[in-house]
Ligand SMILES: *Cc1c(COP(=O)(O)O)cnc(C)c1O
């Protein structure tokens, strides 16, 4: 029998979360962000689950967009990082991919192309990763007009740096900067909102929002879990208890002997570790669950296993299923314990862990 360490993917939760995003987006439509293999949930299955609801998908790169086509879906797909070579533009035309162009080099490929896709322009309003500065847009526009490519421009995209913090003034500043920068083209579309922006009161989302993490039930907001925001967890990561023992007072557990029992303690070993994508930085006291009851990790996470405290679940037995995250323990809590965010944990579940769709 196969090792029962699995990620159960709840496609109904993903649909629920998408519908919530859609409602929260108001008049904007929500393109479903399914990059990084659907945030670790499997891009094909996720794209299929959203096929009826979502009018558009968004991914980071061409390979991911092709996976959507290979899954038999024909929706437009936005490429959030544009393309990496001129030849890719031709594929975009034929496949209905919409690259978000962010650099002079990408524009040069566009002018040199005979076949030009519909595309977006990325505007840098303060994130300072990618995009044209507001004052550069007029020049970019004249270049597009001169090449006869202006009619392929769908609109403008920008990205927020601090939307996960509701009180942070930077989001309003970026929004204002974006409004001013794009005001000369009122007939074109605009897109600003990642998941977090859906939760900011009064935040304009224009024609298209771009929810990612919230589709999977992960929290986009600092200090809040997805459950607290009304999201349903789309992944339950589970593994079997493969051994139980009592460690005596004074004995330690695991590499580095970082946890020592202060009294005799019944503990268990769980068949999952950082080789499966469970974060090694999650230390003693990180929550897990058995049968809906919360337990805690003990000591260091190894590559293929980790130790848990069974004091609070005396009836737990070898073969029982341990939830590492899911309905009882939010991935956001585990992430906080590991000094990271749910995004990293969800996208980091390795290929060794089968995804089971239900
Ligand atoms: C990944 C990404 C998103 C989605 O962000 P979430 O925080 O996961 O909602 C939106 N826009 C861009 C440009 C992205 O790269």
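Every residue gets a Cβ built from N, Cα and C, even glycine.
Same-chain residues at least 6 positions away in sequence with a Cβ under 8 Å from that of residue 35 (active site, proton acceptor) are, in sequence order, 58, 59, 60, 61, 64, 80, 212. The feature active site, proton acceptor is assigned by TrEMBL to 35 (among others).
Positions annotated as active site, proton acceptor by TrEMBL: 255 (among others). With a cut-off of 8 Å between CB atoms and residues at least 6 apart in sequence, the same chain places 299, 300, 302 near residue 255 (active site, proton acceptor), listed in sequence order.
According to DSSP, residue 129 (substrate binding site) is assigned to coil rather than to any helix or strand. Sequence-distant neighbours of residue 129 (substrate binding site) (same chain, 6+ apart, CB under 8 A from its CB) are 159. As annotated by TrEMBL, substrate binding site applies to 129, 303.
For 234-358, the entry in TrEMBL reads domain 'Alanine racemase C-terminal'.
What TrEMBL records for 35 is N6-(pyridoxal phosphate)lysine.
According to DSSP, the secondary structure content of the domain 'Alanine racemase C-terminal' (234-358) in residues is 20 helix, 45 strand, 60 coil. Less than 8 angstroms from the CB of residue 303 (substrate binding site) sit 273, 274, 275, each of them six or more residues away in the same chain.
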